[in-house]
């Protein structure tokens, strides 16, 4: 049976590549909208989709067909049909867009942090349905939390899809109300809402996704695909040392160990001698593959599977980082970071021990010192060595990882220098690393 989602067409690989995080509160229609985008751009296998549609009809759940594209794909992925199938992509006129970390995992926020740290842009999906919108951007809403996260993780470009317009009868007033409230939130986060497209869509019916809808005569902006086409692919740092955080590791019969990840900086070539840290294991690159195509070399932004000789699957795990032996990624003994406290019920002092999510790694850490508290607007220190910090504060802190992890200065390697701290099932803080005290690493 063919995979439900088709691999990139030859035309796609000629286009600049952009990684897109799809964010928003649960049940606001992220999966349906992603399914619709893939379908409208010709990236869904017709035959497999017909089966899904018929099944949905039989069960009286026609509205679920587009969301089920991703469910079917996830099942294929769990059965191990392909090695780098964690990503799906589609084309606009100018770009090839990879959707990172598909929505719908229970662990979504955790995966979303990993995903957002690799994102060049974000699609924020918000439901127009009464109650759903209010919950999503309320104080406990994931929609609000996701926006805070991508802001802190450095995602500058956003498009907003106001979804489920069919449920509110394409009411312009409701659209304007949502646009105004989301704009307020975006402004608070330092975005300029006048530069952000808000598109009234229905993922289920297809309004304004690929073609202009007659149901919204009052709307004269771009369609969703046109809006996504306005994203600027970021410059790719090819001249920096190689860094590739590992997302997954497999053993493939007849091939050996394959590590999967996205090249953040530098260039990786077949034949390179590489090192994976923290385990400090050395190996040689046998082959590189992306979306079922063999590559001689991979550049920043490429999501790849790398076949490494000399390293066994047991030696490597998600969160390790691949680099070259002549410039080994930094394993951190201690870091100094600027953090913003997004949520905490009381106050945070030295000794506080949350979990850090940094690139693809998750490690327990301890805050060992509060260095200073900053004015969020100017970045100037307003208090040295505060006793505690609380929700809304911005501070410089010293953090000690309780297990080995790779961390770099944000100014040198942005994707390995930004992180989130989580505790109690919530994102407590997000931060950027200013300094790293390196740990001793013995290359094996």
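Just so it is clear, glycine is given a Cβ too, placed from its N, Cα and C backbone atoms.
Feature annotations, courtesy of Swiss-Prot:
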- 15-236: domain 'tr-type G' (DOMAIN)
- 24-31: region 'G1' (REGION)
- 24-31, 101-105, 163-166: GTP binding site (BINDING)
- 31: Mg(2+) binding site (BINDING)
- 80-84: region 'G2' (REGION)
- 101-104: region 'G3' (REGION)
- 163-166: region 'G4' (REGION)
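If one looks beyond the region 'G4' (163-166) by at least 6 residues along the same chain, the residues whose Cβ comes under 8 Å of a Cβ in the stretch are 28-29, 32-33, 125-129, 132, 175, 200-205, 207, 215-216.
A helical conformation is recorded for residue 30 (GTP binding site) in the three-state DSSP classification. All protein chains included, residue 165 (GTP binding site) registers 29 other Cβ atoms within 10 Å of its own Cβ. In the three-state DSSP reading, residue 165 (GTP binding site) counts as coil.
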